[in-house]
Amino acid sequence: MDSAYWSYDNIVPSFRLDGKLVILTGGSGGLAAVVSRALLAKGADVALVDMNLERTQQAARDVLQWGEEQMKGKYESPIGQVSAWSCNIGDAEAVDLTFKAINEHHGKISSVLVNTAGYAENFPAEEYPAKNAENLMKVNGLGSFYVSQAFARPLIQNNMTGSIILIGSMSGTIVNDPQPQCMYNMSKAGVIHLARSLACEWAKYNIRVNTLSPGYILTPLTRNVISGHTEMKTEWESKIPMKRMAEPKEFVGSILYLASESASSYTTGHNLVVDGGYECW
């Protein structure tokens, strides 16, 4: 091998995302709050997408303010742009129009998609309302496909590479007892296999598709759920080998790895589980 092969830039992967546009769905949520800051710190422009425009706009302002306070003087490159968009990812036409508008607004084609949008709800299987089941599958399942499809089309048309990161769940591969979440479990199992299917189809276009499957995360929503329910938190943590729940920041490294073309150029169709060892037991 020649000296170029052994050069620093060739051997040591960069996690910089300078000049790249990242679409982050579920953009006003707890996981997106920390992910968006990390993406901005790595040089990316970030488009936050969520149902509630007002909350998403506030999230965008918060990220930019954080960037101005935390990044000033640390990097030569200017702070990237952060935009906010309202979209129901369960509506294919709305997703397509929104993603086109994002690319036009930023003057570039997005090359990274992080889909954190989705939700869970508890119903005993025999009592699960059909409408609720349909709505959950439309957002978690079809929504994951719609955003992937709208993201990939311009990349394929322009012969560009890209990375799709779909948020799965450990509930996509195991039954997370005792929560009665059969439809959520099914939706996340579908997301994991969707990523594998798209990875195989789009490998010829150099579009990588992976899932990141978290365990229990201490998002603001989760903190509210367990507030005043010490026994619930204790039960959850007893099933985790690391004996604690995860902070949202503990998923940032995994997302940056999957987003980075130099770090994960040969990783596609993979389900990266970050659960503190929960699935080992």
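Backbone N, Cα and C define each Cβ position, glycine as well.
Same-chain residues at least 6 positions away in sequence with a Cβ under 8 Å from that of SER169 (active site, proton donor) are, in sequence order, TYR184, LYS188, SER213, PRO214. In three-state terms derived from DSSP, SER169 (active site, proton donor) belongs to neither a helical nor a strand segment and is classed as coil. According to Swiss-Prot, the feature active site, proton donor maps to SER169, an assignment based on similarity to another entry.
Summarising the environment of TYR184 (active site, proton acceptor), the number of other Cβ atoms within 10 Å of its Cβ, over all protein chains shown, is 23. Positions annotated as active site, proton acceptor by Swiss-Prot: TYR184.
Residue density at LYS188 (active site, lowers pKa of active site Tyr): 27 other Cβ atoms are found within 10 A of its Cβ, drawing on all protein chains shown. Feature annotation from Swiss-Prot assigns active site, lowers pKa of active site Tyr to LYS188.
For LEU31, ASN52, TYR184, LYS188, ILE217, THR219, the entry in Swiss-Prot reads NADP(+) binding site, with the evidence type similarity to another entry. Other Cβ atoms within 10 Å of the Cβ of THR219 (NADP(+) binding site), summed over all protein chains shown, number 20. According to DSSP, THR219 (NADP(+) binding site) sits in a coil region rather than a helix or strand.
Each of the binding-site residues LEU31, ILE217 was ranked by the number of other C-beta atoms within 10 Å, and first place falls to LEU31. If you compare every pair of Cα atoms in LEU31, ASN52, TYR184, LYS188, ILE217, THR219, the residues listed for NADP(+), the longest distance is 23 angstrom.
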